[in-house]
Amino acid sequence: MDGSCVATSFRIPELVLTSSGQRMQLLGFGTAAYPLVTPEVAKQAILQAIELGYRHFDTAYIYGTEQPLGEAIVEAISLGLIKSRDELFITTKLWCSDAYGELVLPQLRKSLKNLKMEYVDLYLIHWPLSTKQGRYEFPVTKEEINPMDFGSVWAAMEDCQRFGLTKSIGVEFNPLWNQKKLREYCKANGVLLIGYSPLGASGTLWGSSRVLENEMLKEIAEAKGKTVAQKQICLKRAFEEGVGVIVKSFNVERMKQNLEILDWSLSEEERKRIGDLPQSRGCTGESFVSENGTFKTIEEFWDGEV
């Protein structure tokens, strides 16, 4: 730690998960980086995030950040930033090449070893796909996609929960792709929805800058006097919908800015204008459709969701 990070005064709202009774901050810190960063860079960013007040951290085996996250938590405890790992909510994910019933439990044990933990708070199926075993790369190719046995994979996820290796399990939203059908289903069934690319994943292979360049979002941002413009508007809108949000920046100033969505609100008119924006998929899903897999068409993959 270089001492340049100062804890903020913002208290991040929490939600109680109905499945486990755990409390989870609705604003989480993502550790995926594109392009990839060194483990030390990731570790230092996580330490800064802990010092700022983040307590919800999202990682995945495919990200390569489980080990830096685990090391950062050990150091944060030694520095007195937190008293124990139990103060944190940690999510990791099962990659597609391990989405086979017999591989789920062994893979979670690998993740726990990387994280230096006895349990995670949430274990997610990263994508509802099974791909060639032993390959940990993205994007996947159509030739590697296999049919997924959802029953055996989910049963193994439940085993992970029953054995105490994870507290909760699940399957892994921006203003231009708000997935209304999915949100309504989750709300009706007591499932918490989390937005993993609320700003559209600009600068990645799979994302775009449509959200950050949207003129109407810029107008609302200017009216609010937000210095980081529509970025905060996008996060605030998801937040007010009751959706958990994962934000990702290893820049300490942006980490602070992402916390600044907590001290103001959108008006009813502004929420309606954002809700009326034309919708389109933030990720086509084309690379996950294959004659060899479970989903043969885009329509099957998204189940009619726009």
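Glycine is treated like the rest: Cβ placed from N, Cα and C.
Just so you know, TrEMBL annotations are computer predictions that nobody has curated.
Per TrEMBL, the features are:
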| type | residues | note |
| --- | --- | --- |
| DOMAIN | 27-175 | domain 'NADP-dependent oxidoreductase' |
| ACT_SITE | TYR63 | active site, proton donor |
| SITE | LYS93 | site 'Lowers pKa of active site Tyr' |
| BINDING | HIS126 | substrate binding site |
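In sequence order, ALA60, ILE62, LYS93, LEU94, TRP95, CYS96, GLU172 make up the list of same-chain residues 6 or more apart from the residue listed as 'substrate binding site' whose Cβ falls under 8 Å from its Cβ.
Long-range C-beta contacts of the residue listed as 'active site, proton donor', restricted to its own chain and to partners at least six residues apart, with a cutoff below 8 Å, comprise THR31, ALA32, ALA33. A sphere of 10 angstroms centred on the C-beta of LYS93 (site 'Lowers pKa of active site Tyr') encloses 27 other C-beta atoms. For the domain 'NADP-dependent oxidoreductase' (27-175), DSSP puts the residue distribution at 65 helix, 30 strand, 54 coil.
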